[in-house]
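Presented below is the structure to which this report refers.
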Amino acid sequence: MTEENNCNNKGFIKEWLPKIIVGAVSFTIFMIIHLINVSSRHIAVAFKVPDYNIGIYFSKLYGIRGISVFFGSLLEYIINYYGFAKRESLSFFSFCIIFFVRFAFLMCLYVSDQLSIHGYTILSLEAFFFGVFQMSYFSLVSHHISIAIVFLDLSSLIITIIQALFDLCMFDEPLMILKSHAWLSILFTLGSVGGWYYYLFHADCTKSHPKDTCPPENKEKESEFKCLNFNKYEYRKDIYKYRGKKRFKHHLNKVLYLFFLLIIAFFFMNILYPGVLPYGLLDRDECHLINLFIPVSLLLGSLSIYLMNTFWCDFNKKYPTSVHVFLILLVPLIFIAIYSIGALHIEEFHARSIKGSRTIVLLLTLSLLFCCNVLQSLSYVGISNYVKKAGVSPETLAVLTFHNLMANVFRYFTSKVAVGYTTCRVENEYALKVFHPTYRMNPIECTCFWVGESCRRAYKDILNDFKLDIDKYV
């Protein structure tokens, strides 16, 4: 009995403990992101952000966090590429720094008299180290990526439940709510840092791979005469570097469609949420209820892809074909974009009736985020599946790294376009009809005006981001 129990314990440690740790770390590391999404109403009140600038403030916050994540990820890639530090050590170090930055945010909530500016700065700094950690994290848990994505959105759901409980007790004390969330974040982060240390340095979790539920069709038999101690000659290094670049391009060409999915997801999600849906169509307090339902929509999106990828063998084996079927989600996304933006600009448009309707705005927002999260999950899971099937090598891991970097780039630039559009709309919202820039313009000219002005202001905002000009909007 003792031997059997020991075997069961070893089986649990080898198979389930890595999944539990990965889930806990994924749950913890995204807590701040979900706090911003779910508690944006309370953040706006506590930070004293004017109602008409709430959409701009959060679009800028998402944007500066996006570029901070990109630079953090790029730094991690450079350090790992040139071998300045081991990926495991850098991952643990960056996770520790995230803990201290979150503690600084907690202290800021107690002592700062300019929360909107200081909180914005600290959350941007947290995003930088989040980028360093995220790059190493997804590389170290590439074989558990679907679990990481599910726990990512499960974290959002738990934060929502906690927020709902806080709303029942102290809805009119937003600063106290933020302090409570910050304390929970500190405690969860501290526990996860310990678990991540064990995962990296005291267990063979990074070398263990889950069993494949779908049997492989053609598995090559490894030769018993394979040389295990073969070293390449020095004079052939340049040739192998050249071949490595060729192999990288070969792998990249096979997964380009997954990058296209990211562009679609971030384009619609960042431009419409939160500047148009919900804050552009509803008052601040009415948006809070919608924010509480958002995590459910996100979780359903990622969970559906996880279940299909794990238990549906045909979906896994014919992944490119399966992904192309999901492009049908472009239809509701285009409809939501036209319907919601039309409600803001066209008085005669029948969508004008949705402005102020919390039910319709709720359905549009949840549908938008569900569709975008399905496409985003497809992209991340697809990259992970390709690396697993093609074999873990420097070239395939480079594709995974490039995917993470480009995700941050897409997220940043679409957020900037959202800031440009929202700024332009707010500035012209109260102009008399005869003085409005689009007065007497036909629909094509109006579209060109809004697209051109949005891009122009987005370009200016990119330059101003490095000056941290958030004080203009608070």
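Even glycines carry a Cβ here, placed using N, Cα and C.
Sequence-distant contacts of the transmembrane segment (16-36) (same chain, at least 6 residues past either end, Cβ-Cβ under 8 Å): 43, 58, 61-62, 65, 95, 98, 102, 105, 123, 126, 130, 133-134, 137, 141, 144, 147-152, 154-156, 158-160, 178, 181, 184-185, 188-189, 191-192, 195-196, 198-199, 203, 205, 208, 210, 295. Residues or ranges marked as transmembrane segment in TrEMBL: 16-36 (among others).
Residues or ranges marked as transmembrane segment by TrEMBL: 56-78 (among others).
Here TrEMBL flags 90-112 (among others) as transmembrane segment.
Away from its own ends, the transmembrane segment (118-138) comes close to residues 25, 29, 32, 36, 43, 47, 61, 64-66, 68-77, 80, 87-88, 90-91, 94-95, 97-98, 101-102, 104-105, 108-109, 112, 145, 148, 400-401, 404-405, 408, 468, 470 of its chain (Cβ-Cβ under 8 Å, at least six residues beyond either end). Here TrEMBL flags 118-138 (among others) as transmembrane segment.
Same-chain residues lying 6+ beyond the ends of the transmembrane segment (145-166) with a Cβ under 8 Å from its Cβ atoms: 19, 22-24, 26-28, 30-31, 34-35, 37-39, 137-138, 177, 180-181, 184, 292-296, 298-299, 301-303, 305-306, 309-310, 373, 377, 380-381, 384. The annotation transmembrane segment is assigned in TrEMBL to 145-166 (among others).
Within its own chain, the transmembrane segment (181-201) is flanked in space by residues 18, 21-22, 24-25, 27-29, 31-32, 35, 39, 88, 91-92, 95-96, 98-99, 102-103, 105-106, 109, 140, 159, 162-163, 166, which lie at least six positions past its ends and keep a Cβ under 8 Å from the stretch. Here TrEMBL flags 181-201 (among others) as transmembrane segment.
Taking Cβ pairs closer than 8 Å, the transmembrane segment (255-273) reaches residues 59, 62, 320, 323-324, 330, 333, 336-337, 340-341, 365, 368-369, 371-373, 375-376, 378-379, 382-383, 386, 399, 403, 406-407, 410-411, 414-415, 417-418, 421 in its own chain, all 6 or more past its ends. Taken from TrEMBL, the feature transmembrane segment covers 255-273 (among others).
Taken from TrEMBL, the feature transmembrane segment covers 293-313 (among others).
Same-chain residues lying 6+ beyond the ends of the transmembrane segment (325-346) with a Cβ under 8 Å from its Cβ atoms: 264, 268, 271-272, 276-277, 280-281, 352-355, 364, 367-368, 371-372, 374-375, 378, 425, 438, 446, 450. Look at TrEMBL and you will find 325-346 (among others) tagged as transmembrane segment.
Per TrEMBL, transmembrane segment is recorded for 358-381 (among others). Listed by sequence, the residues of this chain that lie at least six past the ends of the transmembrane segment (358-381) yet keep a Cβ under 8 A from its Cβ atoms are 145-146, 149, 153, 258-259, 261-262, 264-266, 268-269, 272-273, 277-278, 281-282, 286, 289-290, 293-294, 296-298, 300-302, 304-306, 309, 323, 326, 329, 332-333, 336, 339-340, 403, 407.
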Sequence-remote contacts (6 or more beyond its ends) of the transmembrane segment (293-313), Cβ cut-off under 8 Å?
34, 37-38, 146-147, 149-150, 152-154, 156-157, 159-160, 213-214, 322, 362, 365-367, 369-374, 376-378, 381, 385
